[in-house]
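Here's the structure we're looking at; comments come further down.
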Amino acid sequence: MEDNLEKPTQSIGEDDESEIVAESAAFVDGDFPQEGEGPPKVDSEVEVLHEKVKKQIIKEGHGQKPSKYSTCFLHYRAWTESTQHKFEDTWHEQRPIEMILGKEKKEMTGLATGVSFMKAGERALLHVGWELGYGKEGNFSFPNVPPMADIIYEVELIGFDETKEGKSRGDMTVEERIGVADRRKMDGNAFFKDEKLDEAMQQYEMAIAYLGDDFMFQLFGKFRDMALAVKNPCHLNMAACLIKLKRFEDAIAQCTIVLAEDEKNVKALFRRGRARAELGQTDSAREDFSQALKIEPEDKAIARELRRLAEHDKAVYQKQKEIYKGIFGPPPRPKPKPTNLVMRIWQFLIVVWQWLLSLLHRIFKGGRPKTD
């Protein structure tokens, strides 16, 4: 299957400008932040942004840096520097936060300072002094931060929107939010066509951020249908990118989100099946492909994936058969049947042995004394 765009109502292999097909794997530089016990170890040069804020780049970004009142979307993890205690993680919640530079909360001042010096797609380690964090008193509710705690942030700037007035998502109308999300989706498709997968995913993730759960819960009727018509393709396009990046678990998660809304979405079933097959989850993959084929019985791509699974199962069976054959060794050979000469000798010896026994019996019986 080729890497192109497809129509929601057409077969998986046909073209459109809404959802992308990305079935062939292609490695792209850039790794996903892995959760560990403490902050990541970074060897890059330390850049002093402020007396209380220092930055080390983990992954380079691209384009311009946000200006004051830009609406930024970011993921981050936060630790207290002295104890290495992690007190916040937006990656774990799979929900990026929105921050308007210049209008951030007081405890986010150091984080906002670091973000203002980052490019879209950049991931960095920030060292923030307690004066620009939770201050002298700390925070004893959620998150729990001790007094005068310096903070380490691992932060990724997904992207930002330039707005002079600093308009947040909450101040937008439904139509405005859906419109902004749709433009982000189209920008993501353009990046995907140019094989810029990291940039494409940033656009899709920003689009999804405008259509978060808190927003979707408030919608019904035509507005909900309008939002889902943008949101679900973004999740599917994210899954397509993640498959190409070999991040199969994340691709499965994106498809599952779509299937929670639309259990008969063929593209979600197909891409989740491909990701599961890559992870060796053949039974689950076969279930996804079979369900997709029931919905689209004429789709050749789905049928081809099912054939691949059948061929894979056959190859695994043959391999296991060879392994077990080597473990237990060759079957035992049958004992050769005795020849006629050997049989005759055995018969003669048996006859002689029987004659001797009979003779001994008569001798001992004849010599025994008679009793009264």
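Heads up, the Cβ atoms here are built off N, Cα and C, so glycines get one too.
Worth saying up front: this structure is predicted, and the values here are computed from it rather than measured.
TrEMBL has this to say about the protein:
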type	residues	note
DOMAIN	69-161	domain 'PPIase FKBP-type'
REPEAT	266-299	repeat 'TPR'
DSSP residue counts for the domain 'PPIase FKBP-type' (69-161), split into helix, strand and coil: 17 helix, 38 strand, 38 coil
For the repeat 'TPR' (266-299), mean pLDDT (0 to 100): 94
